[in-house]
Structure formats: structure tokens, C-alpha cells
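A.B. asks: The structure that follows is given in the form of C-alpha cells.
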Amino acid sequence: MAIERTLSIIKPDAVAKNVIGQIYARFEAAGLKIAAARMAHLSRQEAEQFYAVHKERPFFKDLVDFMISGPVMIQVLEGENAILKNRELMGATDPKKAAPGTIRADFADSIDANAVHGSDAAETAQVEVSFFFPGLNIYAR
């Protein structure tokens with residue numbers, strides 16, 4: 001099995017609910033290690049750049065507005081099959097469709113305020129990790 005790194009963001013809704021520790025506990029219980037982490041309040045420019053892939057989608061403006069509405073917790077998760085593991089922990093994008101016990105089923109309010117973001121593929125993960133953690137501030141554990 002390959003050790004991977006993936007980007008995870010705990011979104012403003014979940015940060016406001018004070019569930020960062022509960023979400024981190026789920027990552028660690030699944031065998032994922034936090035290799036880098038920081039809290040940030042994204043600027044509009046950062047959010048627009050990060051979600052540029054969605055620029056032409058009808059939800060783009062609402063997504064950017066939501067992501068700049070409060071602080072987020074950004075982390076790099078590391079472990080065997082980290083990308084898939086994180087996506088399984090998160091659950092479906094729409095919390096109404098998310099399996100019981102997933103992060104979104106337990107902490108998200110809507111498809112927009114859905115608690116977490118996670119990279120969807122190895123290539124995406126590499127780009128997303130570099131966006132928020134350029135340079136050498138990620139630590140193998």
C-alpha cells in the first residue's frame with residue numbers, strides 16, 4: 001500500500017461549531033497522521049484561486065463567499081491510501097446522502113455548509129497541498 005498525502009480543510013461551519021478536535025480524532029483513529037496544519041481566514045483571492053476549477057459552475061460565487069465567511073483549519077493528512085480514507089471519513093458531499101457516522105452526516109448542515117473539503121485524486125492532492133503549504137513545512141511522521 002502506498003503512503004499518500006492529501007489536503008483536508010475543515011470549513012467555516014465546522015470551525016464555528018468547535019468540532020475541530022472531534023474531526024482530528026476521526027482522522028487519527030483511521031490511521032491518518034497530520035503532517036502539517038494551520039488555521040487561516042481565507043481572502044476572496046485565495047478562495048477564488050483554490051476553487052478556480054469551479055469558476056464556471058453556478059455555485060462558484062456562493063462557495064467562495066462561504067469559504068471566506070470565517071476561519072478554516074487546513075491540514076495535510078498522511079497515511080496508507082490517505083485520499084480514499086479521507087473521502088470515506090467525509091461522506092457524500094450532500095450530508096443528507098452521507099452515510100451515518102461520517103463527518104458530513106454528523107457535523108454538516110447542507111450541501112453548501114458541508115463541514116469539510118478533501119482532495120479527490122493524487123494529482124489534485126499534490127496541487128492543493130502545494131497551494132496551502134509551499135516549501136518544506138510538511139513533516140513525515
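Positions of Cβ are set from backbone N, Cα and C atoms, glycine also.
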A.B. asks: According to Swiss-Prot, LYS11, PHE59, ARG87, THR93, ARG104 bind ATP; which one of ASN18, ASN114 is listed for that same site?
C.D. replies: ASN114
A.B. asks: Hey, how far is HIS117 (active site, pros-phosphohistidine intermediate) from PHE59 (ATP binding site), Cα to Cα, in Å?
C.D. replies: 15
A.B. asks: Who sits close to PHE59 (ATP binding site): which same-chain residues at least 6 apart have their Cβ under 8 Å from its Cβ?
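C.D. replies: PHE59 (ATP binding site) has long-range Cβ partners ASP112.
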A.B. asks: Within a 10 Å radius of its Cβ, which of these recorded positions (LYS11, ARG87, ARG104, HIS117) has the fewest neighbouring Cβ atoms?
C.D. replies: ARG87
A.B. asks: Looking only at THR93, ASN114, the binding-site residues on record, which one has the least crowded Cβ, with the fewest other Cβ atoms within 10 Å?
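C.D. replies: Minimum Cβ neighbour count within 10 Å, taken over the binding-site residues THR93, ASN114, occurs at THR93.
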